[in-house]
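In what follows, a single structure is set out as structure tokens and then discussed.
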Amino acid sequence: MTWNDEFHPSDHRGRPPGGGRSVREERKMAIEAESVAALYEQLKRRLADVYPDAELFLKAELAYEINRLKKEKNALILGHNYMEPALYHAVPDLVGDSLELARRAAETDRPIIVFLGVHFMAETAKILNPDKTVLIPALGAGCSLAESLTADDVRRLKAAYPGAPVVAYVNTSAEVKAESEICCTSSNAARVVASLDAETVIFIPDQYLAANVAREVPDKTIVAWTGRCIVHEQFSVEDVTAARRQFPDVVVLAHPECPPDVVAAADFSGSTAAMIRFVREHPARRVMLLTECAMGDNIAAENPDKEILRLSCRRCPYMQMITLEATLEALRELRYPVEVPEPVRSRARRALERMLAIA
């Protein structure tokens, strides 16, 4: 199955077996809980298999205080799908993949945005909201893809391939986006590349995503950079083969940042939001996810009627820095503010807005 499907936001309307509240409704109830005890009981319904009771109660205490401060400061909390489960289910107002969060960041009227994601995500929110305070809970929450090239690298690529438009995956710095014609995410990359009136396209920085896009858009010549996601590059065809040998009925889902041979071996490849939708809607009872393992925990909690295989946990070390404790301190102390200087911000914004117009 193709990975270039329309995505849906991850705080979806899917319901647990036998009816009941949606994930979105349960998250809203957690955010509005009137006591730590009420929030704890709310989380326990979803996460009893993820955390011991004592740890879950401590997390409920932290989440309750975060939600109190969020209301007091009129802050918006955006969270990426790779958050740890307690954060995912108790704190963010909006949850999604990079494209959905970019859209929502552009729409908010709240004065403070706390981004539960890595630096390029918070930076994207600041690019789209220059007059708002944008906070990231951990300064060290970077990204191997964003760190794999600089604006100077992009300028050298443009000089080597004059006239070729540059498509920047959102997993890039503001300076790199500013040197690019348009941005993309994993959910719309092929669509963005196909929209360009050029035979040759420079695609940065993800080598594997570029190769997977090239298969979807064979009429384009794609010049790729050599960046790789430190999580997704670890998956192999052997992982898929071993899973199928042990579980012949398993349906394998791979993120498009995985190597092309892994994507080809999978049954489906798509963005985090597309993978969430697939698990919710597909009749398969056993699914293996080739992506960041916290997302596997979140999907398992949302789909208790399905067996989610995570044969080896590959946690993003940067997303692991985004904790309840760090989020609480971010709201208490208004740290760490993200800044993007002009004219970098305005040039990067143009690339993002072109993407949003296509998306």
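Using N, Cα and C of the backbone, Cβ positions are placed for all residues, glycine too.
Annotated features in TrEMBL:
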- H80, S98, Y169, V170, N171, S186, H255, P256, E257, T272: iminosuccinate binding site (BINDING)
- C143, C229, C316: [4Fe-4S] cluster binding site (BINDING)
- 1-14: compositional bias 'Basic and acidic residues' (COMPBIAS)
- 1-24: region 'Disordered' (REGION)
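Taking the Cα atom of each, N171 (iminosuccinate binding site) and C229 ([4Fe-4S] cluster binding site) are about 10 angstrom apart.
Applying an 8 A CB threshold to same-chain residues 6+ apart, the list for H255 (iminosuccinate binding site) reads S186, H232, S269, G270, S271, T272, M275, L290, T291. Within 10 Å of the Cα of C229 ([4Fe-4S] cluster binding site), the following binding-site residues from the list H80, Y169, E257 place their own Cα: E257.
In sequence order, L145, C183, C184, T185, S186, A189, F203, I204, P205, D206, L209 make up the list of same-chain residues 6 or more apart from Y169 (iminosuccinate binding site) whose Cβ falls under 8 Å from its Cβ.
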